[in-house]
């Protein structure tokens, strides 16, 4: 369910079509995207836009009730992991709900992307900079 405005028409469209528990992926430049899943490619060059920039825009527009993250981010990208947890903490306060954080293996994560409504690819080039957002409702 949409809750704001975004300039990218593909992102705006996919968020407006999300129902409760539907999923949307924000990923780094290297995540394989299944052919069966809609790809919204925002990557311009390495690092542009960053994972956190794309995630910030998407979560400003989307009501989030849960997220799925690869367990490997804790060891291989701890700085981004901490930044991500801080972002989710602020998002919880802004939305007025608790966001469930689930961890899975990177292999399972990649399989789950096939079930998502779309995958939004950032220009991020750091390991495991990927998240599955599970849509909530605003009421």
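A Cβ is built for glycine as well, from the same backbone N, Cα and C atoms used for every other residue.
Pulled from Swiss-Prot:
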- 20: active site, proton donor (ACT_SITE)
- 28, 106, 128, 129, 130: substrate binding site (BINDING)
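Within 10 Å of the C-beta of residue 128 (substrate binding site) we count 23 further C-beta atoms, all protein chains included. Of all Cα pairs drawn from 28, 106, 128, 129, 130, which the record names as binding substrate, the longest spans 13 Å. DSSP assigns the residue listed as 'active site, proton donor' to coil, not to a helix or a strand. Those same-chain residues not listed among 28, 106, 128, 129, 130 yet with C-beta within 8 angstroms of the centroid of the substrate site C-beta atoms are 27, 30, 31, 70, 72, 73, 77, 109, 124, 126, 127.
Sorting the binding-site residues 28, 129 by the number of other Cβ atoms within 10 Å puts 129 first. In this view, the densest Cβ surroundings among the recorded positions 20, 106 belong to 106, judged by other Cβ atoms lying within 10 Å. Each residue contributes its Cα atom, and for residue 28 (substrate binding site) and residue 20 (active site, proton donor) these two points are 25 Å apart. Here the Cα atom of residue 106 (substrate binding site) is found 24 Å from that of residue 20 (active site, proton donor).
Sequence-distant neighbours of residue 130 (substrate binding site) (same chain, six or more apart, CB under 8 Å from its CB) are 25, 26, 27, 28, 31, 51, 69, 70, 109, listed in sequence order.
Rounded to the nearest whole angstrom, the C-alpha distance between residue 129 (substrate binding site) and residue 20 (active site, proton donor) is 24. A straight line from the CA of the residue listed as 'active site, proton donor' to the CA of residue 128 (substrate binding site) spans 26 Å.
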